[in-house]
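According to TrEMBL, the features are:
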ACT_SITE  CYS400  active site, phosphocysteine intermediate
BINDING   ASN313, LYS314, ALA315, LYS316, ASN338, ILE339, CYS400, SER401, ASP402, GLY403, TRP404, ASP405, ARG406  substrate binding site
COMPBIAS  23-37  compositional bias 'Low complexity'
DOMAIN    188-567  domain 'Myotubularin phosphatase'
REGION    17-61  region 'Disordered'
Amino acid sequence: MDSKDPLLVVTVLQEKAASKNASTNSLDTDSKSSSTGSKHDAELSSSRDTPFAYLDGEEDQDQKNDVTYVCPYRGPTYGALTITNYRLYFRSLPLRDHEPPPVILDVPLGVIARVEKIGGATSRGENSYGIEIFCKDMRNLRFAHKQQNHSRRTVFEKLQSYAFPLSYSGRLFAFAHAVNSTQVGENGWAVYEPLAELRRLGVPNDMWRATKINENYAVCDSYPAVWAVPKVASDDFLRRVALFRSRCRLPVLSWIHQKSQAAITRCSQPLVGVGGKRSADDELFLNYIMEANAQSDKLAIMDARPSANAIANKAKGGGYESEEAYKSVEIHFLDIHNIHVMRESLRKVKEVCYPTIDDSKWLSSIDNSLWLKHIKCIVAGAVRIVDKVETMSTSVVVHCSDGWDRTAQLTALAMLLLDPYYRTFRGFEVLIEKEWSSFGHKFQQRIGHGDNRHSDADRSPVFLQFIDCVWQVSQQFPNAFEFNEHLLITIIDHLYSCRFGTFLCNTESERVAEDMKHKTISLWTFINSSMDQYLNPLYPSFTQGAHQTVLRPIASMRIIKLWKGLYCRWNPSMRPQNKIYNRTRELLVLQEQLVKQVSEKRMKANTRQA
């Protein structure tokens, strides 16, 4: 066999991967994305004589060498526990020769939702005294301590202080990490530039303009500083329109079809109330949005809520646009439920997936959680938006109640389906920065960063659902995305980790006030410095134009499936033996070899013809 045969290269890589996997046990390890450090980190780790790579700014807070991890799969495992200001790290200690690979836990403290003490000084029974940790990433951790000398006290206190720093007048780890950072490379905060993204969409043009009316966040404190609006609407007119929308979140441009000029705009509900109040300015403004698209004499309003919820919101001063008041408008209710329903649904999924799975009730339990039904409704709503914009050339206004949860899910997913740019590395980062961060999705409240109020009613897996929907689409169109599943899981891991500033705070105005761009590191800096592990080998980057298409996924319960690679990843019986990103790297090497061979053969053929 030729030594340059790509199949041989892959075989060698597989053998190396198998050898590497044999030396480490992934049974209880944290996902690779949340614990990867830099070369500097590794050097620092070796100087401290510890088994993991310390991050910049990471410092030891407590260590116990006589702790038992009560593993739900292996049973009690004796080992050493280290707590830093960023992570909890447990490593089992060998009790005899020929021990199996060690059990390792590497958990960012930001993942922790709550910490509880188990048992007391008089508790009887093995492993009855200790600490239980409930995590945001679908797992619980239980540690047993010796009952003498209050051995769990300092562990409990350090976990409380550093997992929930905002509840104890502290600061999130992202700030300490940035102050001491030695990381070099592209500045991830520069990935998204609002005016550059508008220019990519062809704005300004004859019908749309950019405005900095909200430069100081005075018109709407939860909106970005830069908007795109119909050219005929003056800034004073915009201020009047904002007063008739919940939280002053008036309709502004998210995306525009460069051929038909059909637009996706987003906003919050109108303040019509029980009395059916009207605003001539708001009605005229929606007419401006419709007239900016010469291809259609209709405007579609996609209300994310069930119609009953939209009607009920009238009692709170909100509501929806009536077709009597808003001429040439058609309204569609998309039946996506609120944050409280979604939170309860995810809780049921966790009960099914962790720690044990009942095979006899697996399908019925997942069905009863209604999680897949909710995911289907979001995908179906986005497909309806795509159909209006792409097929009917009709502009769309998307809103829910306040316009920062379900609205972001729908606009971001519809834009991903319509525009191949958002399915690239850079485009996906821009999409998240634009539709989620800049338009005020309340990451701080929905995730509860550094806050010990675990039962807070504002917490909800809204962004997680969006990433789940992206994964669902990638399963139906495996060659349409430049990135792979590992990137999506990495984003979810760091949604919780508090290592980067990307998902901190609730609004753009808060991030500016906190000077996040200078006081924290962007997640995109980290990801873009090691893009090779996130590449999709099936993406036709070498075939120009092959991926320039609109995606229309099938939103059916026959097709939508549970993302086991995320929700069941802590259960060894549900985990693939060969990690996806290892296989991905092997395929990328094979792809590179094949592309190189094709290029060489073309050059030889051209030489012969010449």
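Including glycine, each Cβ sits where the backbone N, Cα and C put it.
The shown structure was predicted, so the numbers you read here are calculated from the model rather than taken from an experiment.
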Recorded substrate site residues ASN313, LYS314, ALA315, LYS316, ASN338, ILE339, CYS400, SER401, ASP402, GLY403, TRP404, ASP405, ARG406, farthest C-alpha pair in Å: 21
Most crowded position, judged by CB atoms within 10 A, among ASN313, ASN338 as binding-site residues: ASN313
Residues that sit under 8 angstroms from ARG406 (substrate binding site) by C-beta distance, when 6+ apart in the chain: ALA304, ARG305, ILE336, ILE378, CYS400, VAL462
Cβ packing number for ALA315 (substrate binding site), 10 Å threshold: 10
Cβ atoms near ASP402 (substrate binding site) (within 10 Å, other residues, all chains): 19
Greatest C-beta neighbour count within 10 angstroms, which of the recorded positions CYS400, TRP404: CYS400
